[in-house]
Amino acid sequence: MEYIIGQRWVSHADAQLGLGVIVEIEQRRVTVNFPAVGEERTYAIDGAPLTRLRFQEGDHIATVSGVELVVTRVDEHQGLLLYTGTDHHDAELTVSELELDAYVQLTTPQQRLLNGHFDKNSDFALRVATFDYLDRQQRSPVRGLMGSRTSLLPHQVYIANEVGQRFAPRVLLADEVGLGKTIEAGMIMHQQLLSGRASRVLVLVPETLLHQWLVEMLRRFNLHFALFDDERLAEIDAGNPFEAEQLLLCSTSLFAGQPERREQVLAAPWDLVVVDEAHHLEWSAEAPSEEYQLVESLAGNSAGLLLLTATPEQVGQASHFARLRLLDPSRFHDLEQFAAEESQYHRWSDMAQQIEAGEIPGDLPEGLDRNAEPAQLIEQILDRHGTGRVLFRNTRAAVSGFPQRLLHRHPLPCPEEYRFSSVDVDSGLHPELPYHDDSWLAFDPRVNWLEQTLKQLRPAKALVICANADTAVALEHHLHLRAGIRSAAFYEGLSIIERDRAAAYFADEVNGAQTLVCSEIGSEGRNFQFAHHLILFDLPLNPDLLEQRIGRLDRIGQQHDVEIHVPYLEGTAQETLLDWYERGLDAFSESCSAGYMIFQRFREALLGHLEQRGEGFEALLSETAEFTVQTRLELREGQDRLLERNSCKPDAANALIDAISERENSDELQEYLEALCEAFGVDTEFHSEHTLILRPSEHMLTGHFPYLRDEGTTVTFDRDKGLAREDLAFLTWEHPMLVEAMDMVHSTELGNAAIGTIKLKGIAPGTMMLECLFTVNCVAPKELQVERFLPLSPTRLLVDARGKDLAHLVPHTRLNELVERVKKPVALAIIKQVQKEVDAKMLLATRQAETRLSDLLSEAEAEMRAQLGAERERLAALQKVNPSIRQEELDHLDYRIEECAIHIRHASLQLQALRLILTT
Ligand SMILES: Nc1ncnc2c1ncn2[C@@H]1O[C@H](COP(=O)(O)OP(=O)(O)OP(=O)(O)O)[C@@H](O)[C@H]1O
């Protein structure tokens, strides 16, 4: 090709030079100036590594003066190109190629191919595979559920799937103690973050659980939360500190008496707010607690809200209702109506059972569709008349596989010193409290008993819980200093770090403490299931608290029966309360969600007997026992059964688990990772089955590979190994290493232009084929989540000389096996010859892809209308029974549907990769 001064050329040997301009032609040499880098280079005309830059119709170009145009026509005048195009204001302009900006980036596959910027065929294959896998991820029914380092437990996977897929989920996770609510919340967050439904998350937890949450989120979900406390807040001096991070963890107490902080946290935007131990959010119409008010305001500002509590009714039904109201104010708007509905659970449960058996109940409530499918009808009942979509509660009875709880009573004589202490209930239950020094340790027989018991249990670990910090401190001192028992204390007077250190010392298997003595704060949320002896130095006057205490050990991962030891002083309130819990409420052998309600019912009588045990106590025990049996039965047949229906559908859960396992058990991920490593210059080495060691090499493509440490990272694809070996990274399609590396392929041009030759019988040598990969590009506001309905949908075409698509005849993987590499000089020579032909074929290929696109778009719109339409229908149906649903909410949903439709219709094709293939 002839060079002319003023023409623009690019160096295919060094793309970093930008766009050059011919400044001199002298005999057999040509000099090119590269303004972007301020360099001039002279080449021999014959072998110059230069390609003429020629933009096409539809290309975006920019001039040195900052004008941007979409090219509509290309003319040539005295060897120089003139581009005509339209700018942002639709004005038409013509510019000479001389005016083009030198900072040109040739990134589209067609530009790169035609300008001689070829990638390896293996990179091309990697790119195609990347889009295929990304698309699979977007469509996968288990998207967001694969990446957690957890055992796949049906009740958790079910909830995570139900809730995590929702747009702006608002739910109360109320599984019984220790069944994994934190894990469920983590799975939901993971799913929401991965799908882009949420990006800013605030987690509020009691101070004692901060560290545990931080660690669980990191090790199980690779979620890096920033822990905000006084210290961290003090470090941020500019702007709203709560906007400094995306994932934020802090304690609820951080805001107590801090109006400015409250304003700041409320001013920050949140997609999801999570509140652990939400039973602390006390509410009454007259005096809602400070915490409740804070969460109420946050709930109003955030699209999503997760509340976690094992004991939703711990502080009464009104507070329980108020928490549900935070989640769905339109559904829960009237406490009296709610109470009336709760009493009807039995009826709904029976009704659901009838429908399941194929009958349509005569008293089906108004507004339900008698002709709907049974499953749908049941769901409508649950949604409109139960706590349906907002409350999830799994019980031990339903989950199964839990060990037994065994109570050991240890009666001890009441010492003289305590006989004369005051006789109110509190000092009856905690007679040591009035002592301002440690003198009670000497005569309280529970102390000596504790010392002896721990010695007998050695080396088994035991968790000791008592109500008060002073008691815990005194006991621990005694055990540690006088009895020589390795112990630690855990109470509110310690800093967070000291508390976590104490818990870690207790957890240490080899050199750790035998016992941890906790005040009540240790009875909530913490994971101590590595121990199976629980010593209740006293008993709390609230069954839900008792359940929380037992739940420290009786939780997922417990390998033994849980041995509960209760020392008590005979003839005192302690014995009375123990009797009531054991023989009345049966609280030790089984957890009971109605414990607090039963306690309230018998409270007055019980308090009387705690002060002075009277003759009627046996009768109270039988009455409580009878009522408890009855209540448990009713719960089992009513509320619990209804909630169970809603909280785990085993078939659906197992199908999800099978789908996850299937993806995990295939070798695809490992093979893909190895290809990624090859492309990015990361060395891989076999470690053991399904486990590899990755190491940076000297030939790293980008100098960085996500989550790869300088000293190397060992990764496993095996879930069991990942659970057992925390030092290995557990790799799934959702691990950030994969997600980021795939993004590196997606968002760069790696592998988007390639050239190769093949030998195909029956096809004349010299025949040219173009392998094109298109994806759907839908530009839409993130909150619409359009990719739910319209994923990348890669479309591969293999067009032959006549524009016929051979993709189905020669699959991509087959082509990869056959294709041979072409040396660069030959490739450049070919490209010069076939420019026009490539353009013509691209046109044909694009037309075919566009026809497919229009089908894809229609399907996506139909799917979107079906899904969002069902949501609208639900809201409209609820509005009939609940006047507080505002018309604007329905209007907003209508608006969203139409917005989605507009964006789907405007989606376009994007060419992601192009390979030129010649037959030889
Ligand atoms: N799927 C799982 N795989 C492995 N470990 C799990 C799984 N689910 C829960 N666990 C472990 O079981 C324990 C209890 O889980 P978690 O803390 O989430 O329960 P919880 O319901 O929040 O408890 P609490 O009611 O006490 O707050 C934790 O140690 C957790 O790591």
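Every residue gets a Cβ built from N, Cα and C, even glycine.
Motif 'DEAH box' is the annotation TrEMBL gives to one range among 72-75, 276-279, 428-431, and that range is 276-279.
Around the Cβ of E176 (ATP binding site), a 10 Å sphere holds 23 further Cβ atoms from the protein chains shown. Tertiary neighbourhood of the motif 'DEAH box' (276-279): same-chain residues 172, 181-182, 185, 203-206, 209, 213, 295, 307-309, 311-315, 319, 323, 524-525, 544, selected by CB-CB distance under 8 Å and a gap of 6+ residues from either end.
For the motif 'DEAH box' (276-279), the DSSP-based tally of helix, strand and coil residues reads 2 helix, 0 strand, 2 coil.
For the domain 'Helicase C-terminal' (449-621), the model gives a mean pLDDT of 92. For the recorded ATP site, residues D175, E176, V177, G178, L179, G180, K181, T182 set the reference point as the centre of their Cβ atoms, and the other residues of that chain within 8 Å of it by Cβ are E184, A310, N394, G551, R555, I556. Long-range Cβ neighbours of D175 (ATP binding site) (same chain, at least 6 residues apart, Cβ-Cβ under 8 Å): H155, K181, E184, A310, F392, R393, N394, T395, S647.
Note: T182 (ATP binding site) has non-local neighbours W213, E216, D276, L308, G525, i.e. same-chain residues 6+ apart with C-beta under 8 A of its own C-beta.
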